[in-house]
Amino acid sequence: MTSLLTENTEQLFHSSASPELFGAMWPGIKSETGLPEAPSGGQPGFLSFSTAYTSTQPGQLHYSYPSQGKPPPPPSPPPRSHTPSLQTATHTHTKTQSGSALLLPAGAALPQGVKDQDEVGRRNSVGKSKGKAKKSESSTPADSDLERIFLWDLDETIIIFHSLLTGSYAQKFGKEPATVLNLGLQMEELIFELADTHLFFNDLEECDQVHVEDVASDDNGQDLSNYNFPADGFNGPSSGAASGASTGVQGGVEWMRKLAFRYRRLKEIYSSYKSNVGGLLSPMKRDLLVRLQSEIEIVTDAWLNTALKSLLLIQSRGKCINVLVTTTQLVPALAKVLLYGLGDVFPIENIYSATKIGKESCFERIVSRFGKKVTYVVIGDGRDEEFAAKQHNMPFWRISTHGDLVSLHQALELDFL
């Protein structure tokens, strides 16, 4: 077994005759449509643990936000006592230093060095919540028992949505473009209808927060059972000057209190309907959702169900949790999670939106919440989460194809992750 691994590794990193294969294996290669290039022969999933990084290519994501921060110093190569060391690779867009990059084929054990996380600076302050306490983000006894946290991207990692609209999924996997686009448009309409009707998106679109508890310190705990949200005079950030003292100036005590009420109610709605989003929809819309879920699974070859296997396996472990970090705004992200049936997998307190601050800062907040003794594993399809993972010295598992999802589940089953 050892000799076979060594031979396969040497072929991978010393083959100069197959630049196309090498490019497909390198993390971060994406097409102009925002999706990674399809590997020529069905590339298995892999884990990268590296400070090497390639410059970002232009993408078309609706809610993309550039990652921030400067690259950290390269980490020391993780020790491997049971197999020969995997050699580092070079790439046309990067400079490789000794021990700066490591790729593990699916089935190879995670290096012990991955468990040592670099020191991370204090959490950045965010928007209106600057200086505010994050009530749900303080460590609890349950959090202190955690050993591993998996940080997931949403679109084109767990679910297929944005690429349905752009046509990139149909092009990449040979699907009928018109059919795929129609499914994407119908799901998009449902997402924003749910967000506008039940999740206060009309009020909160320009008052977006990273986390549902970001303005909780402005909440006075008032009973909201009979509270009349449409009549309280809150109409978003531009309403203060026009509505007078009854509404309050944007950022003032009254305005922030009404904003906090909406996020509290949003949390209540999510928690109440996370297992039954159909309860928020009319019978006709409920039937439409069931049909769309089925047809999208068929056209995407059960992508969501394949990802769910890994999510549920992680959830079944006693000391591991799933955390969602998405570049979608928080309210539409919550609508997506509910409509795609992921509410039971991601409690609302474990969902973060990177729209305002970028994924690197989101990861920093999560490390501040759960601590530095926990091992973090980042799973995603894009440059944002790859770069953020490198900045925080976290291992990164790229999702480009169904095969990557299958390999991820196998690695989890074998306790490599």
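Every residue gets a Cβ built from N, Cα and C, even glycine.
Heads up, TrEMBL stuff is auto-annotated, nobody curated it.
Positions annotated as active site, nucleophile by TrEMBL: Asp153. Contacts of Asp153 (active site, nucleophile) defined by a Cβ separation under 8 A and a same-chain sequence distance of 6+ are given as Val325, Thr326, Thr327, Ile379, Gly380, Asp381, Gly382, Asp384, Glu385, Ile399, in order along the sequence.
Residues or ranges marked as active site, proton donor in TrEMBL: Asp155.
When Cβ atoms from all protein chains are considered, those within 10 Å of Asp381 (Mg(2+) binding site) total 23, not counting its own. Look at TrEMBL and you will find Asp153, Asp155, Asp381 tagged as Mg(2+) binding site.
Annotated compositional bias 'Polar residues' per TrEMBL: 48-59 (among others), in sequence order.
If you look up TrEMBL, you'll see 69-81 marked as compositional bias 'Pro residues'.
Sequence annotations record features per position, and here TrEMBL assigns compositional bias 'Polar residues' to 86-97 (among others).
Look at TrEMBL and you will find 28-99 (among others) tagged as region 'Disordered'.
For 111-140 (among others), the entry in TrEMBL reads region 'Disordered'.
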Surrounding CB atoms that lie within 10 Å of the CB of Asp155 (active site, proton donor), all protein chains: 23
Non-site residues, in chain order, whose CB comes within 8 A of the mean position of the CB atoms of Asp153, Asp155, Asp381 at Mg(2+): Leu154, Glu156, Thr157, Ile158, Thr326, Gly380, Gly382, Glu385, Ile399
